[in-house]
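Swiss-Prot has this to say about the protein:
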type     : residues                                                                              : note
REGION   : 1-266                                                                                 : region 'Amidoligase domain'
BINDING  : Ser14, Lys187, Thr188, Lys189, Pro190, Thr191, Gln192, Lys223                         : UTP binding site
BINDING  : Ser14, Asp147, Ile148, Glu149, Lys187, Thr188, Lys189, Pro190, Thr191, Gln192, Lys223 : CTP binding site
BINDING  : Ser15, Leu16, Gly17, Lys18, Gly19, Ile20, Asp72, Lys239, Asp240, Val241               : ATP binding site
BINDING  : Asp72, Glu140                                                                         : Mg(2+) binding site
DOMAIN   : 291-542                                                                               : domain 'Glutamine amidotransferase type-1'
BINDING  : Gly352, Leu380, Gly381, Met382, Gln383, Glu403, Arg470                                : L-glutamine binding site
ACT_SITE : Cys379                                                                                : active site, nucleophile
ACT_SITE : His515                                                                                : active site
ACT_SITE : Glu517                                                                                : active site
Amino acid sequence: MTTKYIFVTGGVVSSLGKGIAAASLAAILEARGLDVTIMKLDPYINVDPGTMSPTQHGEVFVTEDGAETDLDLGHYERFIRTKMTRRNNFTTGRIYADVLRKERRGDYLGATIQVIPHITNAIKERVIAGAEGHQVAIVEVGGTVGDIESLPFLEAIRQLAAEVGRNSAMFMHLTLVPYLAAAGELKTKPTQHSVKELLSIGIQPDVLICRSDRTIPANERAKIGLFCNVPERAVISMKDVDSIYKIPALLKSQNLDSYFTERFGLECKEADLSEWEQVVFEEANSTAEVTIGMVGKYVSLPDAYKSVNEALKHGGLKTRLSVTIKYIDSQDIETRGFELLEGLDAILVPGGFGERGVEGKILAAQYARENKIPYLGICLGMQVAMIEFARNVAGMTGAHSSEFKKDCAYPVVGLITEWVDDEGNVETRTEKSDLGGTMRLGSQLCHLVEDSKVRQMYGSPTIYERHRHRYEVNNKLLPQIEAAGLKVTGLSADKKLVEIIEIPDHPWFVAAQFHPEFTSTPRDGHALFAGFVKAAGEYQKRNLK
């Protein structure tokens, strides 16, 4: 099977939505019965985004096989059924690390190591490996054309396209077509210059996706096609929409998928977008609105919680409730108290690292428990719930996590030094281990306890969910906490690590060590988020009576 490649680049400005465009195109091609995968090539020097600040880079998305990757891979998994792996995302740093390791080993037999051919060859090898076994591979190059960091990647995809031939490779370029209110017209010159920049490095785009706040009329698209040497039918207008899940239908209405399948000579059925039509229908036809408070430390950049944001929306789709997220900085709770939490229908505390703001998260868990407000804790959100319960219910004054206070009286959360993954392999860590890539990562088996909320929601005795953490509940102190009324309802593969906790005498208080947001999709939703949003709606109804 010959894989067909679609290379996606962006020009004029950053944040044009290359990831959404790539994922939407993939969704249409998948709906035509094609086996599609998507890759993201990131030009930064970090080996992976695992140690990057969420307020700079946004969320770190974790794949099933435990790779810490770009948040765009989350978009990919939400739009197509193909599961991403560590082969779907790599960086300049990863490429250079691989090449330098080979050089030190003597693999290059004394050759002078250069960007061309050694770095570009390494990029091509990884792209080919990631595309293996798929009919279509969509390859998104991060950054903006013209950035110095992107040049090796652009050169590599130029070479690869030449090697596989015109019938197996196409280039799709996203640009901005701004509307100038003073002139009362759309301006195409930035797009022309962006394409000129691409041409200067040997790439002629086959398709232009033109981003704008309005539909670009046919005469303007014809003008863009003429000056950029692209057929008019391949100049696609992608206007701003109120939901990203409308993009597949928007692109399909302009026959973008047919343009690719015709060029590639692929015979396949017409795209059935009924599942996406259902998503859009559910989104537009909610019966009520709930407000969920997200208490975190990275709230200045909502993209730091991208998958959580989307999972809450998916929970709303499955319960016919519109979800409004109120972002609350946990540090503000420390200074202003519970007033910031008033009027919420539910409280969610997501994952995070470091001591800053942790006491505010503990207060949020306390407020939710004492006021019977639905609470969902994720990763650190479970740990702070344990700390709060230990302090205020189990009588363990001074309880904390050893991550934040090593000499605390009751270290109810501590470093995981050893665990068994779902395949039976023993993983070990110490406090001296590197920060990058050393956490408990990826999909892990979890046993659910009978007669628990989570067992009822999932409808299965075992589940697989993705993890990203170094710290876990201290089992030595667990009996005292459980005796006070908290219940452990989820356990790891070897049944030694606490994965889920509940408070039985609370209407809905559930916290998980794993990250359920990474497996939520708009078409299928997720059991935990659907249950959480439903509980928020029920809480709202109780308070309106």
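Each Cβ is built from the backbone N, Cα and C atoms, and glycine gets one as well.
Of all the recorded positions listed (Asp72, Asp240, Glu517), Glu517 sits in the most crowded Cβ setting, with the most other Cβ atoms within 10 Å. Site extent for CTP: among the recorded binding residues Ser14, Asp147, Ile148, Glu149, Lys187, Thr188, Lys189, Pro190, Thr191, Gln192, Lys223, the largest C-alpha separation is 31 Å. With the fewest other C-beta atoms within 10 Å around its C-beta, Lys189 stands out among the recorded positions Lys187, Lys189, Lys223, Arg470, His515. Taking the Cα atom of each, Pro190 (UTP binding site) and Ser15 (ATP binding site) are about 15 angstrom apart. Mean model confidence of the domain 'Glutamine amidotransferase type-1' (291-542) amounts to 91 (pLDDT, 0 to 100 scale). The sparsest Cβ neighbourhood within 10 Å, among the listed binding-site residues (Glu140, Glu403), is found at Glu403. Counting other Cβ atoms within 10 Å of each Cβ, the binding-site residues Ser14, Thr191 show the lowest value at Ser14. Taking Cβ-Cβ distances under 8 Å and a sequence separation of 6 or more, the neighbours of Gly381 (L-glutamine binding site) in its chain are Leu348, Val349, Pro350, Gly351, Lys361, Ala365, Ala511.
Proximity of Cys379 (active site, nucleophile) to non-local residues of its own chain (separation of 6 or more, Cβ distance below 8 Å) is seen for Pro350, Gly351, Gly352, Arg468, His469, Ala512, Gln513, Phe514, His515, given in sequence order. For Thr188 (UTP binding site), the same-chain residues lying six or more positions away in sequence with a CB closer than 8 A to its CB are Val177, Glu220, Lys223, Ile224, Phe227.
Secondary structure at Cys379 (active site, nucleophile), taken from DSSP and collapsed to helix, strand or coil, is coil. Counting only the Cα atoms, the space from Gln383 (L-glutamine binding site) to Glu517 (active site) is about 17 angstrom. When the Cα atoms are compared, Asp240 (ATP binding site) and Glu517 (active site) turn out to be 25 Å apart.
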